[in-house]
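Colleague: Feature annotation from TrEMBL assigns chlorophyll a 1 binding site to E99, H102, R222. Sequence annotations record features per position, and here TrEMBL assigns chlorophyll b binding site to R104, L184. For K216, Q234, the entry in TrEMBL reads chlorophyll a 5 binding site. Annotation comment: TrEMBL describes E217 as chlorophyll a 3 binding site. Taken from TrEMBL, the feature chlorophyll a 4 binding site applies to N220. The annotation chlorophyll a 6 binding site is assigned in TrEMBL to H249.
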Amino acid sequence: MEIAVGRGFQVLTLSGSSFHGKSIRKTCVSLKGFNWTSARKGHSLTPCTTLIQAHQRPTWLPGFDPPPHLDGTLAGDFGFDPLGLGEDPESLRWYVQAELVHARFAMAGVAGILLTDLLRVTGIRDLPVWYEAGATKFNFASTTTLLIIQLLLMGFVETKRYMDFLDPGSQAKPGSFFGLEAALEGLEPGRYPGGPLLNPLGIGKDIKNAKDWKLKEIKNGRLAMVAMLGIFVQASVTHVGPIDNLIEHLSNPWHKTILQTIAGSSS
């Protein structure tokens, strides 16, 4: 490629390489009308310079220069860290783990709320609205019993996960989980569980090269977290489930919107 710089100047790109995620291009400037000669007779000398140009990668704000600690190697890394929370490598490692866990809980929560609300609204099952489900009484066990069982089970699982975060792969060693280690063997210790129980379809078995799957998971997880926040606010304002809100909106799309809802709730 040849770029005109000014009268009598040319910039000629000769070669390129990479350095810390940036492209390095070596260019030579040729001055027309001047005879640059080396010590040897008959050899021309063209002064050269090296230019470093950052690779263009997607960022949360177009044209934004991402911070150095977010170099694009993490799944879903778009350079968003305005508070610099991930500058410490250990903190960044914990935030990545925390985001994944919250994303997975949010995806499960949104799916559960929408499914049960759909069954309730259509009359297929007699179910409480999602924000009242916790107060439901069951005949087979008391609320206190269910709470204790949940604390024990969730506490055990979360403790195992935290131990695997501190020492990746330690919870897959023989004898660490009642002989079921092979059925729960992780694809990537501390982040991506696997085995026939947690990955029955065998998706992304080559986890090191499963960049697309990782990106899809974190994108859907972030969307689910935003959706959960919307469902919380919606229930607080309208006091009904999301399917009821959707039906009401579809019944009169131009007059049953978020603007009218907010205006009605404030009056």
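First residue shown is number 1, and so on along the chain.
Glycine residues also receive a Cβ, built from the backbone N, Cα and C atoms like all the rest.
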Colleague: Using Cα-Cα distances with a 10 Å cut-off, which of the binding-site residues K216, N220, Q234, H249 are near R104 (chlorophyll b binding site)?
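Modeller: Correct set: N220.
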Colleague: Whole number in angstrom, please: the longest C-alpha to C-alpha distance across E99, H102, R222 for chlorophyll a 1.
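Modeller: Those residues reach a largest Cα separation of 9 Å.
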Colleague: Enumerate the residues of the same chain, E99, H102, R222 excluded, that satisfy the criterion Cβ within 8 A of the mean position of the Cβ atoms of the recorded chlorophyll a 1 site; list them in sequence order.
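Modeller: Nearby residues not in the site list: A98, L100, V101, A103, A106, I218, G221, M225.
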Colleague: Based on Cα distances to K216 (chlorophyll a 5 binding site), point out the closest of the binding-site residues E99, H102, R222, H249.
Modeller: R222
